[in-house]
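Below: one structure, written as structure tokens.
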Amino acid sequence: MILILLGPPGAGKGTQAKLLSSELGIPHISTGDMFRDHKARGTEIGKQVQAIMDAGGLVTDDITNAMVKERLSRPDVAPGFILDGYPRTVVQAEYLDGLLRSLGRSIDRALSYEVPEELVVERISGRRSCPRCGAVYHVSQNPPHRAGFCDRDDAALVQREDDKPENVRKRMQEYGTKTEPLKRYYRDRGELSDVEGVGTPEGILAVTKKVLGR
């Protein structure tokens, strides 16, 4: 089974990807993991990605597509895979379709996790992290034992600039603008299913499996 997971920041698609990977026995492939893998291996792609990120630029479609092509050449994807964070644009989706066709394959389903904006704002703006050890907390869902301080090293917790409510709303708007054409692309092909992304991870997994006929 080949699945594509879509959803705004804070929709929980990364959590669902991990649960589905375990449930279906197929690898979870995320763009972030691919970037880190290439950087760790010191590949030419990894060096290009690092140079772009150091300059504050955006990784091009060509580089991202090349990473996906390399990843899909590995034997562990034979039974299927779950893509998280790719494709992000119609251009990438068209490339992926062509790549899969060349391999005699096609996607089974694109899943779009739908979450109300205010819930996304609450999920993300409640995050707090430790600047010393990197531990991540949430003010209501996973609070530290002592409010505002890390359990591990007692450092004062901070809120990332990106996680402030006004910036989360801005990211949601950007996501909607960029992703709507992609959702339309898969919807027009009869490959898109909307999934209610509200509830416990286990509950959302149950809904996802029902959508997939599992």
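Cβ coordinates come from backbone N, Cα and C, glycine included.
Of the residues proposed, G190, G199, the one Swiss-Prot records at the same ATP site as G10, A11, G12, K13, G14, T15, R127, V136, Y137 is G199. Excluding the listed site residues C130, C133, C150, D153, the same chain places P131, R132, G134, A135, D151, R152, D154, A155 with Cβ atoms within 8 Å of the centre of the Zn(2+) site Cβ atoms.
With a 10 A radius on its CB, C130 (Zn(2+) binding site) counts 20 other CB atoms from all the protein chains. Note on the region 'LID' (126-163): residues 171 of its chain, located 6 or more positions outside it, place their CB under 8 angstroms from a CB of the stretch.
Across the fold, the C-alpha of G57 (AMP binding site) and the C-alpha of C133 (Zn(2+) binding site) stand 27 Å from each other. Cα of G10 (ATP binding site) to Cα of R160 (AMP binding site): a span of 14 Å.
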